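> Found this in TrEMBL, in case it helps:
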type	residues	note
BINDING	Asn107, His112, Glu117	oxalate binding site
BINDING	His110, His112, Glu117, His160	Mn(2+) binding site
DISULFID	Cys31-Cys48	disulfide bond
DOMAIN	62-214	domain 'Cupin type-1'
SIGNAL	1-21	signal peptide
Amino acid sequence: MGAQFLIVTVFLALASSLAFASDPSPLQDFCVAVDDPKDALFVNGKFCKNPILATAEDFFRKGLDIAGNTSNKVGSNVTQVNVAQIPGLNTLGVSLVRIDYAPYGLNPPHTHPRATEILTVLEGTLYVGFITSNSDTGNRLITKVLNKGDIFVFPIGLIHFQFNTGHSNAVAIAALSSQNPGVITIANSVFGSNPPISDDVITKAFQVEKNVVDYLQAQFWVNN
């Protein structure tokens with residue numbers, strides 16, 4: 001009997017940890033983020049505007065029809081719509097981005113540590129993909145060419161990318177399963193950190209010469 005109870009307890013603990021792998025479920029209808037505690041209620045670890053004072057503007061954002069500026073080294077631009085832009089998203093566990101791509105523009109390999117992403121192509125053709133973790137699958141690359149109207153999912157935490165293979169601009173919209181999914185662009189993080197990662201670490205990790213590392217660290221890394 002004791003062993004059965006222990007097994008059930010362990011199972012419930014694992015199920016709970018999976019259930020809270022993303023943003024926690026809200027404990028009220030909404031929790032509009034507010035900076036001034038004098039005008040707020042403290043609920044579920046966050047300051048929230050008094051619900052009586054909430055307005056439509058707390059849940060609204062315009063301008064996603066405007067193309068982002070892709071005149072940078074990677075040829076892409078990400079317009080974010082998260083809790084920083086819409087305070088009403090606080091505790092709701094979702095956010096959105098618009099991604100613009102110049103011809104042959106790239107949204108470089110990156111990860112979202114707190115969110116799964118589902119992307120829809122609005123215009124153009126994209127070569128997209130993600131890489132599985134260090135497991136029995138051996139960092140498997142999973143890719144697909146997407147056309148207008150196609151949808152693709154990037155699992156939470158996995159490195160992924162999108163590349164515009166066409167001669168014209170491309171546009172995509174992506175939803176993410178967090179109000180603040182975070183982003184870690186691989187090249188920027190490894191070669192553009194402040195202060196820089198030691199050459200000894202990078203040369204051994206990437207099996208390259210120090211002059212290659214010095215060259216890469218000297219580049220201007222774009223946060224698009």
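Think of each number as a place in line: the chain as shown, counted from 1.
Glycine residues also receive a Cβ, built from the backbone N, Cα and C atoms like all the rest.
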> Using His110 (Mn(2+) binding site) as the reference point, find which of the recorded positions Cys31, Cys48, Glu117 has the shortest Cα-to-Cα distance to it.
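Closest by Cα distance to His110 (Mn(2+) binding site) among the recorded positions Cys31, Cys48, Glu117: Glu117.
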> Hey, what's the Cβ neighbour count for Cys31 (disulfide bond) at 10 Å?
26
> Cα of Glu117 (oxalate binding site) to Cα of Cys48 (disulfide bond): how many Å, rounded?
26
> Which one is it: of the recorded positions Cys31, Cys48, His160, whose Cα lies the shortest distance from the Cα of His112 (oxalate binding site)?
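In terms of Cα distance, His112 (oxalate binding site) lies closest to His160.
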> Could you name the residues, excluding Asn107, His112, Glu117, of the same chain that surround the oxalate site, i.e. Cβ within 8 Å of the Cβ centre of those residues, in sequence order?
Val97, His110, Thr111, Ala115, Leu119, Phe154, His160, Ala174, Leu176, Pro181, Val183
> Inside 8 A of the center formed by the CB atoms of His110, His112, Glu117, His160, which other residues of the chain have their CB, for the recorded Mn(2+) site?
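Neighbours within 8 Å of the Cβ centroid, excluding His110, His112, Glu117, His160: Thr111, Ala115, Phe130, Phe154, Leu158, Ile159, Pro181, Val183.
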> Looking only at Cβ atoms, how many others are within 10 Å of the one on Glu117 (oxalate binding site)?
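Its Cβ shell of radius 10 Å holds 22 other Cβ atoms.
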> Determine the Cβ neighbour count for Cys48 (disulfide bond): the number of other Cβ atoms within 10 Å of its Cβ.
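Cβ-Cβ neighbours of Cys48 (disulfide bond) within 10 Å number 21.
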> How many whole Å apart are the CA atoms of Cys48 (disulfide bond) and Asn107 (oxalate binding site)?
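It is 34 Å, counting Cα to Cα.
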> Taking only same-chain residues 6+ apart in sequence, whose CB is under 8 Å from that of Asn107 (oxalate binding site), what do you get?
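Sequence-distant Cβ neighbours: Val74, Ser76, Val78, Ile99, Tyr101, Phe161, Gln162, Phe163, Asn224.
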